[in-house]
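First up is the structure itself, then whatever we jot down about it.
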Amino acid sequence: MPSSNSAVSTHGLGISYGDAVALHPLTLDVQKGEVFGFLGHNGAGKTTTIRLLTTLLEPTTGSARVAGHDIISDPLKVRAAIGYLPENVRLYDRFTTRENLMFFARLSGLEKPADAVHETLDFLNITELADRRVGTFSKGMRQRVGLAQAILHRPDVLFLDEPTSGLDPMGVRQLREIIDRLNAAGMTIFMNTHLLSEVARSCTSIGVLAQGRLVFRDTMQVVAARYDEHSLEELYVGVAAGHSEVAA
Amino acid sequence: MTPSRLLARQSLAGLMRDRSVLILVAFFAAMVMVTAWLGWSATNTVNAIYADAAQYLAGAGQPVPSNPVGQSAPLAVLRNLGVYISLIGTFGAIVIGQLLIEADRRAGTLPLLGTRPFARRDYALGKMRALGVATGAMMAVAGLISVATLFTIPSLVVRSADLARLGLFLILGWAYITTFGLVALGAAARMPATASGLISASVVWLVVTFVLPELTANIHPTASINPVSTLAATPDSAFFRVTSTLLGPVSLSEAFAWLSGDLLSFLPDGLAPRGPVPPLVTLPLALLLAFLFALRSAAKLDLTAGGPDA
């Protein structure tokens, strides 16, 4: 049951395309202030889950609330309360970082978009990219500008889909530091990832999705007490392969 | 500023930075200038011949008739404009309509737009607003060149009524090319592959421009690019009477040509519009249907798709 402290709560949330089930009914609760790591193989349904929670897709079964709003009956309120960084974000190549961010800030309904852009660039330490065209950026630079558009309006819940994908070790470290700072500022973070090392370092709780079903869910405190870094991988491989005996 | 206005403004800014759009608009403007030059040149030729003839007749002591340029309708010198609007203007609108959706899809920004607090319909309205402004700008360019031409041709007397008719013609042209732009916008929204969206809208345009006139009145494709031969009467045969009645209402290019001829005063006397539905009904109805198609398609656009490889 969702509590008043839930940032994300789903009840039997699922989606099918004809006979093909993309996500089996998923019941999940992520508390406010958590950094939730959502693990799973490619095609397990992680991105589909995020797309449902961000209102990009409509579920065929179940319900969900994000930041206290129903994703089906109140999609606009959900969108106003979330930020989203898809995997491989690109933005408008012919526009500068500032032009891109001003556009998204205005679309988010911010009263002082220029101030929000300035503060966000400053927060992410990318002020030097402000007046450069996005089309000239490396993957890491794009990822940071993409993150900037996701947090411009200081959302309650931030959804990150494979945020470290394609980043070099320095980029991964910088992203981790940013996630820590955002979380410290009170933002709930829901993160799809493959990187177990990132999960171990950044997340306060994890869930493992396998073939469209949630097969494991616990806090990192419990996980850390039961598994060391090596056995975390064993845990993941085990539950993802369907070894139910290790699922909590 | 409303979300649809923001989206329209951003889309227009993107179009203005797109080289293919700029080339198309420049080409359209160049062809309008060619139209103007053709009108100017033809009128000048008639003026020169008249001057020689008048001098000869006066020298022979015969009466000199008035200059035929002054007797013909001044807007008729712009008769080729309708053809260029129908061909290049429409193709430009198709490219713009397709690009308005494709730009977001290729930029991978659809998921970012889809998670912003505005309704899906606002997205569709924003794109259509951008299309309307872009095609309006094209027609404004055509209008400026046309007015400049009318006032630089000697012996041509342009009255305010003529300018009003030219204004109506430009509005008609805007509605005509925007109809095809909306079809392209809707097709792009429904078909994720770039080529599919563009080709399907182009096929609609080609059928309307070249195939339907052949079926309704035996107007061959080469004749379709001539403003005068396009306005041929329906051949007196049972086949064309039937096809003209059935297909006339959807033969938009013929409806546009008929109204263009009427507004620019070069419509042959007594030529009836094709089919039982008046062009003044056909074209607004087509614009409305294209609007609804684009609205529905863009509002249902898959916002999860996109990226550089889309």
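The count begins at 1 with the first shown residue.
Cβ from N, Cα, C; glycine included.
All TrEMBL annotations are machine predictions without curation.
Annotated transmembrane segment per TrEMBL: B:21-40 (among others), in sequence order.
Per TrEMBL, transmembrane segment is recorded for B:81-101 (among others).
Counting residues 6+ beyond its ends, the transmembrane segment (B:130-154) has Cβ neighbours under 8 Å at 7-9, 11-12, 15, 21, 25, 28-29, 32-33, 35-36, 39-40, 43-44, 47, 74-75, 77-78, 81, 85, 89, 92-93, 96-97, 100, 162-163, 166-167, 170-171, 173-174, 177-178, 181-182, 185 in the same chain. The transmembrane segment feature in TrEMBL is assigned to B:130-154 (among others).
Per TrEMBL, transmembrane segment is recorded for B:166-188 (among others).
Residues annotated as transmembrane segment in TrEMBL: B:195-212 (among others).
For B:277-295 (among others), the entry in TrEMBL reads transmembrane segment.
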Go through the chain and flag residues at least 6 beyond the ends of the transmembrane segment (B:81-101) whose CB is under 8 A from any CB in it; none is fine as an answer. 11, 15, 18, 20-21, 24-25, 27-28, 31-32, 34-35, 127, 130-131, 134-135, 138-139, 142, 146, 169, 173, 176-178, 180-185, 187-189, 194, 197-198, 201-202, 205, 209, 225-227, 230, 253, 256-257, 260-261, 264, 294, 298, 301
Taking the transmembrane segment (B:277-295) as the first stretch and the transmembrane segment (B:166-188) as the second, find out whether 3 or more Cβ pairs fall under 8 Å, excluding pairs closer than 6 in sequence. yes
Taking a Cβ cut-off under 8 Å, which residues six or more beyond the ends of the transmembrane segment (B:195-212) line up next to it in the same chain? 86-87, 90-91, 94-95, 97-98, 101-102, 180, 183-184, 187-189, 221, 224, 247, 250-254
Counting only residues 6+ away from its ends, which parts of the chain sit with a Cβ under 8 Å from the transmembrane segment (B:21-40)? 15, 77-81, 84, 88-89, 91-92, 95-96, 99, 134, 137-138, 141-142, 145-146, 148-149, 152-153
Mind checking which residues of the chain, 6+ beyond the ends of the transmembrane segment (B:166-188), have their Cβ under 8 Å from one of its Cβ atoms? 75, 78, 81-82, 85-86, 89-90, 92-98, 100-102, 105, 127-128, 131-132, 134-136, 138-140, 142-143, 146-147, 150, 194, 196-198, 200-201, 204-205, 252, 256, 259-260, 263-264, 283-284, 286-287, 290-291, 293-294, 296-298
